[in-house]
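Enquirer: My questions all concern the structure below.
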Amino acid sequence: MVPGHSEWKRNLLLVGFMGAGKTTLGGILSKRCRLDFVDTDQLITEKFGLSVADIFSRHGENTFRAAETELLHDLAARCRHSVIATGGGMVLKDENWRAMRQIGPVVFLRADEQELVERLSSATGRPLADDSGREAILERYRQRLPCYLRADLVVETKNQAPLEVVDAILGGLERVNPKWLF
Ligand code: S3P
């Protein structure tokens, strides 16, 4: 039995701050390993029929967070053979971590702070970043860092091409636990 993971379901979860590349890398990784790709933000927006920004503005952040937790419980019950890209705030609740541990190994994509700020200032649609200045973004990131570091594996993405990051994820997971061979 793998500590913290009751059953090997051939899933893996990507966590990290907004703009870390979870969705992009998750897509590449899933194709490479012939796994399905799940994006929690996308499933939640489909459920509400609204963008993330509209869910926040019409229903509030708490409603979005509750939907995230409910979705994780659902994935813990049924998800197999999938790479799951999570929203940047998924790591904030202990309850989410308990569900994630049942789903599979958790990988933190650790991006360079400057790159994060640059990516977030050139993109929109993220209610917790759109109106935030550089310092507020960095403060949020630094506050959350201990939560991201609860991951089974930390992969640095700075100066790495996507395929190199994918290799680092797969090699790293195998080193941490040879059972997690994708
Ligand atoms: C959030 C990150 C977003 C999305 C929502 C909240 C966060 O996902 O879930 O805007 O709290 O960090 P991405 O990390 O995919 O941008």
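Backbone N, Cα and C atoms are what each Cβ position is placed from, and that goes for glycine too.
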Enquirer: Just to be sure I read the record right: Asp41, Arg65, Gly88 are listed as binding substrate in TrEMBL. Which of Arg142, Arg144, Arg150 is listed for the same site?
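Expert: The candidate from Arg142, Arg144, Arg150 that TrEMBL ties to substrate along with Asp41, Arg65, Gly88 is Arg144.
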Enquirer: With Gly19, Ala20, Gly21, Lys22, Thr23, Thr24, Gln160 listed by TrEMBL as binding ATP, identify the candidate in Arg58, Arg78, Arg126 belonging to that site.
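Expert: ATP site check in TrEMBL: besides Gly19, Ala20, Gly21, Lys22, Thr23, Thr24, Gln160, the record includes Arg126 out of Arg58, Arg78, Arg126.
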Enquirer: Can you tell me which of these binding-site residues sit near ligand 1, meaning the Cβ is under 6 Å from at least one of its atoms: Ala20, Asp41, Gly88, Arg126?
Expert: Asp41, Gly88, Arg126
Enquirer: Compare the C-alpha of Gly19 (ATP binding site) with the C-alpha of each of the binding-site residues Asp41, Arg65, Gly88, Arg144, and give the closest one.
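Expert: Considering only the listed binding-site residues, the nearest one is Gly88.
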Enquirer: Does DSSP put Asp41 (substrate binding site) in a helix, in a strand, or in coil?
Expert: helix
Enquirer: Compare the C-alpha of Ala20 (ATP binding site) with the C-alpha of each of the binding-site residues Asp41, Arg65, Gly88, Arg144, and give the closest one.
Expert: Gly88
Enquirer: So among the binding-site residues Lys22, Arg65, Arg126, Arg144, who's got the most Cβ atoms within 10 Å?
Expert: Lys22
Enquirer: Among Asp41, Arg65, Gly88, Arg144, these being the binding-site residues, pick the one whose CA is nearest to that of Gln160 (ATP binding site).
Expert: Gly88
